[in-house]
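Visitor: Mind having a look at this structure? Questions to follow.
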């Protein structure tokens, strides 16, 4: 509750402030001012004082009676049953404080008396044991000593004298020892009594025997049998071992307080693992999370902060550990030592689609790549290195289509210089602006190539203006970005462009260590039918050699072969050289870093660790979407979903298509890529599409014989594409068809009521003038009075000059009979309309 002041409390109880302060002083409260704060405890104290002062103290019940009734059924012979009702009654009486104190005092006195009695009993037993021991020693000495007739006295008097003298001293010492070790004495009490009984009885028998047979020498007494906890007697439970059985029981006791445990939490941890570390049931952790407002399951992955909060709330000590220890050890092992040398620049060509990026590269490489690409547009990242008169340059050609945003961002990260290609006749377009943003984010310099300068509509000043808005200012205008006019078709300005690029490279002073182990980045990856996983690698530092063990993201393997961009095998690749490598165990993600490691064991260990981490992150993301939106989606209509199984030729195209298709849809329809991969369409893909009612899409890949057979037998929808535009358009059409249609109303005509007639057949007939549109027979109508709809029905009769008419046009008079409606008045308007179904669009 919130705290209030004395003044606010006086207003609530409707009493003067002075009177309330007087009552608070009488109750012993320290308040003297109306602005002081009154706590809940002080309110309770004041209330108790007021009740006692008015002699209205609430009497608490001193006796509570609980009655419990249990009904059960007892079956008897003959399929009969008897209802048995058991009633129990318990009475709880509240005792006064005086009675409680008296009972506590009585219990304390009884406990002290019991302790004194136990102590006296122990002392008496010790005293008795010492006396018996003294008697036995006297008897033994009397039997062992000779008894001549001349001297009868010394024999009996020699032995007992020291025993009797030592008895009080040993008795006192034993008593003191017993007081110091009460617990040990009580624990060994039964065992000592049994030993004494055996030791006391055996010598008596031997004395009688030895007195009768004085000729025989006395035999030494056998050592008393010990009752060890581990002995067979204790285990088998022979006679007299009742107390020992109790000792042999385990000593576990329930903990009196909460057990605080040390919980070690990594970057992620599942609910079940966290519960195991805290030694509680998983259901308790789930229940605790529900109370915090977060629904979870026992297998859900929690992040480090959430797990730490749960463990600390439950009272345990938390130790946070980093899961990157393995990655850190790998980074330490990858040392780059050696002489640094200058390396060739890595240049990425970016720009809008159809602005001539690949054509410009074709002219530089003296190749014809653009002509061989589907639709004349680039859909992969291409990596090439070119020997020019001024040195070697490595080019990365990126797609310009909007779907390939991730590819362009990846190209900007792996590059040193960006060539921004802008068509002189088209100007700055959306992907041009995006390329500028990627270059700025990566912190790499720009060189603007104004292409298609030979076209009639070329306007260089317009491009400079538009790019200056994006923060790219030409050197001619006082900026730091070179603008070069080129024509990829004619070859104009290409030499000047290369010169500008190499000038930027000299300013950057790019260096590498060729003698170090290779390190690079994955530009693209695909699954080749004959060669397996193939990855395009751009070596950034060191030298990659055939036979090296490489770690690439969550994949690893030994480089079995290396090919350059022309498909020729090479043995090694230095800095800034793009190569294709074979030998990985899977297709790595584009953008993953590649490192040469020392041994296969280390590579496998790190790869498996990364795979597990990726799986945990994926599961956490999936669970977050499922459970957090449970209550939001409750009661809403379920979305219609178009399921797609997508197979592409390279990993980059798969990423681009998944991003583009996932962005389609609205609140009613959505696209879900339930299966995706690199390579041809296999039989398992067809079975997945069959089980999930999905459509099979192949992008630059084909289906094998097994998949085609399943598609034909089951009538699945399978389509092949080689241009990204086509697949996006087809999916849009499919989603539009799933939306259904909207019903739209078109007003056909409006008639105004001028007079009302009565007909024995139709009832009220409205004499109308058509003032707008055309009135049709057997169409739905609305009756409007003062422009407010008062009736909606159907036009039953339409006549003109006593003849039935199918339609009456504007400006003509007619008689209208409304079905099941007779309240037509002069001045009403009759609106005739029709309902039309209209196809919906995204």
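Placed from the backbone N, Cα and C atoms, the Cβ positions cover glycine too.
What Swiss-Prot shows for this protein is this:
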{"type": "REGION", "residues": "94-259", "note": "region 'Disordered'"}
{"type": "COMPBIAS", "residues": "96-138", "note": "compositional bias 'Basic and acidic residues'"}
{"type": "COMPBIAS", "residues": "139-148", "note": "compositional bias 'Low complexity'"}
{"type": "COMPBIAS", "residues": "149-159", "note": "compositional bias 'Pro residues'"}
{"type": "COMPBIAS", "residues": "160-172", "note": "compositional bias 'Low complexity'"}
{"type": "COMPBIAS", "residues": "173-202", "note": "compositional bias 'Basic and acidic residues'"}
{"type": "COMPBIAS", "residues": "226-235", "note": "compositional bias 'Basic and acidic residues'"}
{"type": "COMPBIAS", "residues": "236-249", "note": "compositional bias 'Basic residues'"}
{"type": "DOMAIN", "residues": "342-509", "note": "domain 'tr-type G'"}
{"type": "REGION", "residues": "351-358", "note": "region 'G1'"}
{"type": "BINDING", "residues": "351-358, 397-401, 451-454", "note": "GTP binding site"}
{"type": "REGION", "residues": "397-400", "note": "region 'G3'"}
{"type": "REGION", "residues": "451-454", "note": "region 'G4'"}
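Surface or core, plus neighbours and distances: that's what I need for these features.
Guide: DSSP labels the residues of the region 'G1' (351-358) in these numbers: 2 helix, 1 strand, 5 coil.
With a cut-off of 8 Å between CB atoms and residues at least 6 apart in sequence, the same chain places 424, 460, 485, 486, 487, 492, 493 near residue 453 (GTP binding site), listed in sequence order. Residue 453 (GTP binding site) carries neither a helix nor a strand DSSP state and counts as coil.
Proximity of distant same-chain residues to the region 'G4' (451-454), defined by a Cβ-Cβ separation under 8 Å and at least 6 residues beyond the stretch ends, is recorded for 355-356, 359-360, 421-426, 460, 485-490, 492-493.
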Visitor: On the 0 to 100 pLDDT scale, where does the domain 'tr-type G' (342-509) sit on average?
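Guide: Overall, the domain 'tr-type G' (342-509) comes to a mean pLDDT of 76.
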Visitor: Counting each residue once, how many in the compositional bias 'Basic and acidic residues' (96-138) are helix, strand and coil under DSSP?
Guide: 42 helix, 0 strand, 1 coil
Visitor: Tell me, if you would, which residue among 351, 354, 357 (binding-site residues) has the fewest other CB atoms within 10 Å in the structure shown?
Guide: 354
